[in-house]
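Swiss-Prot annotations:
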SIGNAL    1-19  signal peptide
CARBOHYD  83  N-linked glycosylation site
CARBOHYD  121  N-linked glycosylation site
DISULFID  155-196  disulfide bond
ACT_SITE  158  active site
BINDING   158  E64 binding site
DISULFID  189-229  disulfide bond
DISULFID  247-326  disulfide bond
DISULFID  284-329  disulfide bond
ACT_SITE  290  active site
ACT_SITE  306  active site
């Protein structure tokens, strides 16, 4: 075995080991000193590339992405050197400009949202009334009603992931079965929405109702591209969907106390792109462009499930500050939830893979 080969193996193993612990590098920045050297940034860049299996088309693209990475790292360092309620860090999107990030990963269509706001029936089921005795805290992950975090990839299908997540949860709450369902079926078959180019929750819910159910992820796996609609089983069904009273965080809290709810938010800021941990407090606007799911709350924040994989945020989650009214990033402007009768036997048919919940699978805030 050649010496060169042995050295190559050792370098690979070393880079792999460092990449797995890249978080220890992220915050070694002291604002009182000069910023990182190019050599230090290049080392961090190489470790980050290894961790996320990034491969570029050539040297020109590699250098272009390095410059973007360097700018983002400086932005992250400067934020973390100040007094904030949350930290930013290296995410899978640190080699993207904010404009590129928005174009690829934000997929809730604001044009559709504005049309639907005038037509959707808002339920008074979760209208907040003085004297309502709500739990001080709730976390549906702890109750085994949430599947592991998923990853939408380079496809603007957040609308499908957030809708499916709430259907998975209400099905578990009503039947006791936690089943991972198919986002790809919605991307391929829900023609009122736009596949990887965005969509709306209500059209996704209506498709599941009209279709008589939705298939499992195992039967109809995710591809991150829109393809032809193919035959699918009707494993889990819902009865309907309702809107929570708009711009009322107390009503939203009441809804989440009963079941996870889908919401649209403004996720376009650089701070959101690079969020790593803590209670996110902005900045952000109220232009709704990304679908997520509220799976719980604490006294001053929401526990929000994203669909960008476990390397973003707190293992795929973000804690967002509760501010009242329409909420931070517009989180209370357009909340919905699916409805399903208790004891619906349909969701117990043809379900070969029930998920076993374990606390290790979820980073509890």
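Even glycines carry a Cβ here, placed using N, Cα and C.
Features recorded in Swiss-Prot, as mapped to the structure shown.
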residue : record         : DSSP (3 states)
155     : disulfide bond : coil
189     : disulfide bond : helix
196     : disulfide bond : coil
229     : disulfide bond : coil
247     : disulfide bond : coil
284     : disulfide bond : coil
290     : active site    : strand
306     : active site    : coil
326     : disulfide bond : coil
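Scoring each of the recorded positions (158, 189) by how many neighbouring Cβ atoms lie within 10 Å, the top position goes to 158. Using Cα positions, the member of the recorded positions 83, 290, 326, 329 nearest to residue 158 (active site) is identified as 290.
Within 10 Å of the C-beta of residue 247 (disulfide bond) there are 18 other C-beta atoms, taking all protein chains into account. Checked against residue 229 (disulfide bond) by C-alpha proximity, the recorded positions 83, 196, 247 yield 196 as the nearest. Taking the Cβ of residue 329 (disulfide bond) as centre and 10 Å as the limit, one finds 30 other Cβ atoms among all the protein chains shown. Checking the recorded positions (284, 290, 306) against residue 196 (disulfide bond) with a 10 Å Cα-Cα cut-off leaves nothing.
A Cα-Cα distance of 34 Å separates residue 83 (N-linked glycosylation site) from residue 155 (disulfide bond). In this structure, residue 83 (N-linked glycosylation site) belongs to neither helix nor strand by DSSP; it is coil.
When the C-alpha distances from residue 247 (disulfide bond) to the recorded positions 189, 290, 329 are tabulated, the minimum falls on 329. Taking only the Cα positions, the spacing between residue 306 (active site) and residue 290 (active site) is 9 angstrom. Closest to residue 155 (disulfide bond) in space, going by CA atoms and restricting to the recorded positions 290, 326, 329, is 290. Here the Cα atom of residue 284 (disulfide bond) is found 12 Å from that of residue 290 (active site). A count of other CB atoms within 10 A of each Cβ picks out 155 as the most crowded of the disulfide-bonded residues 155, 196.
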